[in-house]
Amino acid sequence: MAVRSKSSKAWLHEHINDHYVHMAQKDGYRARAAYKLLEINEKDKIIKPGTVLADLGSAPGSWSQVAAKLTGTSGTVFALDILPMEAIGGVSFIQGDFRENDVLAQFETLLDNRPLDLVICDMAPNMSGNAVSDQARSFYLCELALDFASQHLKTGGSFLVKVFQGAGYQEYMAAMREIFGTVQTRKPEASRNRSSEIYLLGKNKR
C-alpha cells in the first residue's frame, strides 16, 4: 500500500471538506471549477444567451456545462481537449490537440465561418513538481490558447484564461494587451487561497 505524502494528505483533507466540492456534487457539476466561471460571469457577463464560444482544455467539462446552461439553445458551445469528455447536451466536443491541423479543420468545419464571441481556457499542465518547469509549461499552454483566440475571435470578442503568477506573467499580460482593448484580473472566491492561479480577461479584441 502506497504511503501518502503530507502534501497529498493535506490536499485530500481540504478536498473532502471543500464547500465548493460539495456544491458541485449537489448541483451536478463535474468539478468545483464551475463556480469560478459562474462568479466571473456574474461580474462580467461574458456568456449570455446566443453567445458562440470555444472552451479549450474542456475536460472534465464543468466549464462547458456552465457555458451550455448560460448560452441556451440560441448559443453554441465548442469544447476541445486531448482527454476524453463525456457528452454534454448543447456542447460540440472535439477530442484532440487544437494545435494539429486535422483538429483545427474539424473545429472550423463546425464553426462554419462564424467568428467566436468568446474563448475560455482553464487548462493547466500535468504538474511535475519542478516549479520552474511547471510554470514554463503552463505559460506555453496559455500562449497557444492566446494564439487560438487571436485567430478565431471576432473583433470586440473576449478571452478568459487561467494563468499562474510568477515567471512569464508580466510578459503574457503584455501580449494580451496588444490584442485586447482591456485586460483585467479576476480571482474568484472558488479559487483556493493558497493557489497562485489567477484569471485574465481580455475584452474588445482589436
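Note that Cβ sites are derived from N, Cα and C of the backbone, with glycine treated the same way.
Copied over from Swiss-Prot:
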type	residues	note
BINDING	G61, W63, D81, D97, D122	S-adenosyl-L-methionine binding site
ACT_SITE	K162	active site, proton acceptor
Discussion item. I'd like the Cβ neighbour count for W63 (S-adenosyl-L-methionine binding site), meaning other Cβ atoms within 10 Å of its Cβ, all protein chains included.
Written reply: 29
Discussion item. Within a 10 Å radius of its Cβ, which of these binding-site residues (D97, D122) has the fewest neighbouring Cβ atoms?
Written reply: D97
Practice prompt. In whole Å, note down how far the CA of K162 (active site, proton acceptor) lies from the CA of D122 (S-adenosyl-L-methionine binding site).
Written response: 5
Worksheet, complete the sentence: Spacing of the two Cα atoms, G61 (S-adenosyl-L-methionine binding site) and the residue listed as 'active site, proton acceptor', in whole angstrom, works out to 15
Practice prompt. Going by DSSP, give the three-state secondary structure for D81 (S-adenosyl-L-methionine binding site).
Written response: strand
Practice prompt. Give me the Cα-Cα distance between K162 (active site, proton acceptor) and D81 (S-adenosyl-L-methionine binding site), rounded to a whole Å.
Written response: 16
Practice prompt. Give me the largest Cα to Cα distance among G61, W63, D81, D97, D122, the residues the record lists as binding S-adenosyl-L-methionine, in Å as a whole number.
Written response: 18
Response to the item:
Here the 10 Å Cβ neighbour count for D81 (S-adenosyl-L-methionine binding site) comes out at 21
Worksheet item: Other than its own, how many Cβ atoms are within 10 Å of the Cβ belonging to K162 (active site, proton acceptor)?
Response: 23
Worksheet, complete the sentence: Simplified DSSP label at D97 (S-adenosyl-L-methionine binding site) comes out coil
